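Undergrad: Below is a structure I'd like to ask you about.
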Amino acid sequence: MVLSPKVYTWLCGLFASLGSIIFGYDLGVMAGVLSATDFISTMGSRFDDPNLEGLITSILLLGCFAGMFPVAYFADTLGRRKTIQIGALVYILGGALQTGAHNMDMMWAGRFFAGFGIGIMADLAPLYQAEIAHPSIRGRLTTLQQFMLGIGAFAASWITYGTSAGLKGTQAEWRIPLGIQIIPAVPLFAFILLLPESPRWLAEKGRLDEATRTLAKLHAHGNVNELFVVSQMEDIKAEIQRAKEIGSASWSELLTDSSNFRRVSLGYILQFSVQMTGVSAIQYYSTTIFTTMGFSATRVLLFQSINSVIALIGEACCVLWVDNTGRRLPLIVGNVVSGMSFVVGSILMARWPGTVDNDAAHYIFIITTWIFNFFFSACIGPLSWAYPAEIYSTRTRAKATAVTSSASWISNFFIAQVTPVAFSHIGWKYYLVFAICGHTNALFVWAFYPETTGRRLEEMDALFHDAPVFVANTPYAKKQDRLLAEKELREGTFVPGDLSERAGYTIDEEKVFEERRDHMH
């Protein structure tokens, strides 16, 4: 059976996102590992220091941040696939060190190297997916990053719950969950080179014929004369020509060029804002948070396992519908619900903590957490990776996504380090930080983030050059119906002056379609 181009492209993106399973697994596994009695005794007396305990979790994120620096160079020099392969190899080393750790230092080293590999893979997967995707499925493809992350967290939560219940007090209780994390990295390292290289990277390196054949393989059953392939290659060549006139991208250009600086700022703020929803505080320290509400550690791991199922459902909803809903609306709605859930959570923790006999309030707290997790997984998490991956030009994309991804690692590290200290000093008041930030995140997205749904990657330079800084209630906040426009072009029924109302196009963008219509007919 011959696969349709979109299915083939989707499967390529799915395999590339195996690194996200690893990331999700590593985020979820530590909640079970840190509470294992044999792990605590193996790590020694230094585990009693809450700062050093927090470092076991957060040093992974420092490794992710360190992986940011070489990823841009390797991605532009070696290509997207080989760089992902390097990340998988480094991760395997880190996973092996964690599994065999006999002291705190060895565990820290393993976590750092694992983070280094994750930083490379997590940055490159959505970038690669965005560069191979058709505009009509780019959202579904790039949001696979969070869906696969959810699968990893799902596996971690149920594996740690199982080992905690069946192997309690043994080394296997924590070494088995840590060893399993290596498994997804092996096929990723072994087979990633069987996937097609990014056609945009190939074109940028002067391999235009290979880029054309790759585009045709991805989108037209190998037909290099298909309309989409021809028009896409024309766009890519035009962008490369502009890049040659400007010169090769530099790090400083991300700050000195106003359009680039705007995009980097929006991407950086978006990634940072994700952690200010409180997701990592819950993910890393669910045991601490839920036990303050009167639940046992084993029951908490069960709640966390159920939470991972809910997250998967939410992420699946995002993958299925994101190209219909656009980017802005889910981010706004998700952040509002996130903020409201922490408002309710703050009230419940303050009024009915675990020391108060009120099971109903305690279970409502758990349900509130589940509601938050669904909306985060359906609206916020996936788009925090998808949006930055699609807003940059090819010549700056690797460097720019490395910078914006660093915001995720830094804010993640910050939350991981601060949360145990904050809860021990101010308790439920710490929840108010996330209650406030959820609402300010939503307001910021509504005001400043242009809609990117339906646009080709080669259009992003023009979008961020033309769109005003404040985009709310402008055409730049609307979702484009590119499929409608392309269909009308093919059929010769394109009507000027009509698309801005029906498809979210500006007048200047309609002129481009008029020119293409005249060229085609």
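Just so you know, glycine gets a Cβ as well, placed from its N, Cα and C.
Bear in mind that TrEMBL entries carry predicted annotations, made automatically and left uncurated.
Sequence annotations record features per position, and here TrEMBL assigns domain 'Major facilitator superfamily (MFS) profile' to 12-453. Residues or ranges marked as transmembrane segment by TrEMBL: 7-34, 54-74, 108-127, 147-164, 176-195, 301-322, 329-350, 362-388, 400-418, 430-449.
Where in this structure would I find these features, and how exposed are they?
TA: Within the chain carrying the transmembrane segment (7-34), a Cβ under 8 angstroms from the stretch's Cβ atoms is held by residues 40, 53, 56-57, 60, 84, 87-88, 91, 114-115, 117-118, 121-122, 124-125, 128-129, 132-134, 137, 140-142, 144-157, 159-161, 163-164, 174, 177-178, 180-181, 184-185, 187-188, 191-192, 195-196, 217-219, 280, 283-287, 301, 304, 308, all 6 or more beyond its ends.
Away from its own ends, the transmembrane segment (176-195) comes close to residues 12, 15-16, 18-19, 21-22, 25-26, 29, 32-33, 81-82, 84-85, 88-89, 91-92, 95-96, 98-99, 101, 114, 117, 121, 152, 155-156, 159-160, 163, 167 of its chain (Cβ-Cβ under 8 Å, at least six residues beyond either end).
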Undergrad: Does the transmembrane segment (301-322) come close to the transmembrane segment (54-74), meaning at least 3 CB pairs under 8 Å for residues 6 or more apart?
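TA: Per Cβ check, the transmembrane segment (54-74) does not touch the transmembrane segment (301-322).
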Undergrad: Looking only at the recorded stretches 108-127, 301-322, 329-350, 400-418, which one has the largest tally of CB-CB distances under 8 Å to the transmembrane segment (147-164)?
TA: 301-322
